[in-house]
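Listed in Swiss-Prot for this protein:
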- 2-79: domain 'Core-binding (CB)' (DOMAIN)
- 95-271: domain 'Tyr recombinase' (DOMAIN)
- 132: active site (ACT_SITE)
- 157: active site (ACT_SITE)
- 223: active site (ACT_SITE)
- 226: active site (ACT_SITE)
- 249: active site (ACT_SITE)
- 258: active site, O-(3'-phospho-DNA)-tyrosine intermediate (ACT_SITE)
């Protein structure tokens with residue numbers, strides 16, 4: 001067990017140097033540890049037996065895909081590139097990202113009391129700036145440029161910084177929240193119920209969204225708000241390359257999935273209008 005701990009520690013250092021996010025490092029380490037503790041070897045056949053075991057345990061293709069990525073990464077770390085290439089992730093059907101309607105966004109915001117300045121700010125940053133939950137939690141006060149009305153999102157997915165302009169309403173929300181703070185934490189948003197004001201945790205964000213979503217009768221997650229940001233921007237005519245930069249996507253193809261969402265939105269609108277049908281129906 002001690003030997004495995006040492007391997008995992010070195011592997012995590014390798015992932016960190018590769019620029020992987022803390023969440024990716026945590027997930028990869030978890031699956032590699034399970035693999036090694038189960039007697040896994042640096043051979044593709046051994047990995048396939050492990051994947052078959054997880055399949056029997058009920059793992060979906062999407063989950064198995066993550067495990068394959070972790071094992072391929074670990075094999076490369078150990079210098080077994082050829083074995084890594086033999087591992088092929090299962091096909092995962094592409095699904096359109098789920099987003100909220102504008103009315104649903106307004107409804108959820110309406111159930112967050114104006115006195116809950118922190119909670120409203122969390123919601124508005126996820127939707128109004130399209131942030132990932134990890135990026136939101138890592139924001140520092142120094143990342144807000146009040147003069148130019150923008151925030152600097154540092155070390156997001158892929159370890160790339162990006163600049164996100166924010167509207168005046170959101171900037172005022174940040175100022176209003178900071179005026180309620182009497183701590184010296186460097187983080188923009190902190191936990192409320194602790195003596196020491198630690199930075200906001202993803203768990204808290206998920207909890208708050210579930211609470212207010214239940215109150216509004218709408219299912220909402222941090223990623224759904226990010227999807228909604230992108231979809232609504234596209235519907236408003238914003239250029240897809242600008243949306244790509246705002247989201248921090250390295251590949252345009254990742255952003256282009258939102259065009260499918262918008263096409264579906266337009267298709268439904270056309271079906272509802274029934275313009276052609278109205279011409280030919282008696």
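Placed from the backbone N, Cα and C atoms, the Cβ positions cover glycine too.
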One finds that other Cβ atoms within 10 Å of the Cβ of residue 132 (active site) number exactly 20
Sequence-ordered list of residues in the chain of residue 226 (active site) that lie 6 or more positions away and have a Cβ within less than 8 Å of its Cβ, or none, is 126, 127, 130, 131, 132, 247
Checked against DSSP, the composition of the domain 'Core-binding (CB)' (2-79) is 62 helix, 0 strand, 16 coil
For residue 223 (active site), the number of neighbouring Cβ atoms whose distance to its own Cβ is within 10 Å equals 14
Looking only at the domain 'Tyr recombinase' (95-271), mean pLDDT returns 83
Per DSSP (helix/strand/coil reduction), residue 223 (active site) sits in helix
